[in-house]
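According to Swiss-Prot, the protein has these features:
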- 11-21: motif ''HIGH' region' (MOTIF)
- 142, 145, 155, 158: Zn(2+) binding site (BINDING)
- 330-334: motif ''KMSKS' region' (MOTIF)
- 333: ATP binding site (BINDING)
- 574-674: domain 'tRNA-binding' (DOMAIN)
């Protein structure tokens, strides 16, 4: 039995949760439920992130205390999580005495190791509001990539971190005025001194996502900087000892320690030994942090450095998820797609969204698009039309004609074996967080089950004399195949599974038992387990969202939507002159003397081509080998000083990143793209 501790990023307690938040929490909840079904001791903790200037100022504007504000939103968050079937073992808060003790203890350990220093810095100060401005209360143009409207600590476009003083055309979010520079003594954590610790952690981390590893390599190349861990009063948070409450710990120092506090609180309540899960590096337990891709910097640099230097076990891995778009675009209040968790729950069951997200989630850091039309179609087709429909087609015969008892014989052992054989592949897919692949495997089995029922037509057999035994066996096999499918789906749609357990008079408590058929087993009367989503309900979610935000006043003038610079039109015949082929990357290597190029050897199904691709900044050669991509196969060879380039691989980019195109699973080298 494995000992596994899982955390999820702490939601900030100054506003309601939206569906973009739920993407990450649903992902981790599915994985945790799977681990528990495997029989592992898996503990899942979270809590509210409750400190910082945004909370202080919002509470002031509402005429309440910060404590009242965070209590209000913490309760609302927990209710949203509960109703979305996110099953935390403990939900805590960063604003409590336990977390304060942990923060001060870790700070003192860092200070005793001379990893904390003080220095005067020029800081943004709002002369109108008469206060120093936290990083997130200064906005301007990113000094690295020149993206506009970025926060004062990091860029959401390129991921760069910087000081607010480096922003181009900065402005105060509070007053809109240009901040002035004012000196203040701050406390710094010596991150560069722990570079080896971080690199050792990365090298030992076999589960780190390639995108995270690439980003870390980029940050190392830029050079690590000491981290400002303090903020000036007024501030809602924990005061730094010895500063007479004039300096406070930066929220990003005490927030991750909320993971420790939440788990310690769980241990205290349940008589668990904290060290068994989160002791030192010698512990055999596993520790995983599920986070959004926008906070990789804090979790994959600062956090391992702090833990490794204060005697705590470092994460076994950090798993990041992408952002959520709706109908192919960024979530929008005006379009009604900035959907809050509660707005969804007021109109639809959580199972549908949990299933849709699972059908899209992989181990990669890909953004997920919630296409609402596809969401309706997929939910109705897969959950209702494929899975639940199996039970509804068979249960009535068993209940009415055969005393609600399943057959003692298996009608089609070969088909039963196929459902069992897929167990290992589905298990591996769940373990590796390849939920989309797991769903595809499960739905392929659902198709086979429906084909079986369509072929034997029990509703016709029931009308024929002497076919009672066959009807019994066919419908029993149908119910058993349904049972296996539902057992496989338990981590994804737990509430539908709970209703199924009532219907089947069984509890799915062991993943190993998932593929086992029930023999001579008594079932209950079937009741509908899921109903089709009506488009009107989705429309109502959009309308409710629009109404919620229609009176909001935008603090700044509305920006124009970005326009695509589409190339001149070409004819179909022109397009067909370009021969696009599926290619497998069999070799990839650096090109000596080239800053941007990688040398690729591509297999087109028996034919190989050599290509020099300008993707070095985005990919390591070893990460590309074995991938499938798309290439222009009939591009005239081009002689370069490094050798002959015999084509071009396709990649997308916006000037800030490069992303090679990968075909859908099943595409083979040499296939033409049309």
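For all residues, glycine too, the Cβ spot is worked out from N, Cα and C.
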Legend entry - Neighbour count (Cβ, 10 Å) for residue 145 (Zn(2+) binding site): 16
Legend entry - Rounded distance in angstrom between the Cα atoms of residue 145 (Zn(2+) binding site) and the residue listed as 'ATP binding site': 27
Inset, instruction - Among the binding-site residues 155, 158, point out the residue whose Cβ has the most other Cβ atoms within 10 Å, with all shown protein chains included in the count. - result: 155
Legend entry - Helix, strand and coil counts within the domain 'tRNA-binding' (574-674) (DSSP): 7 helix, 44 strand, 50 coil
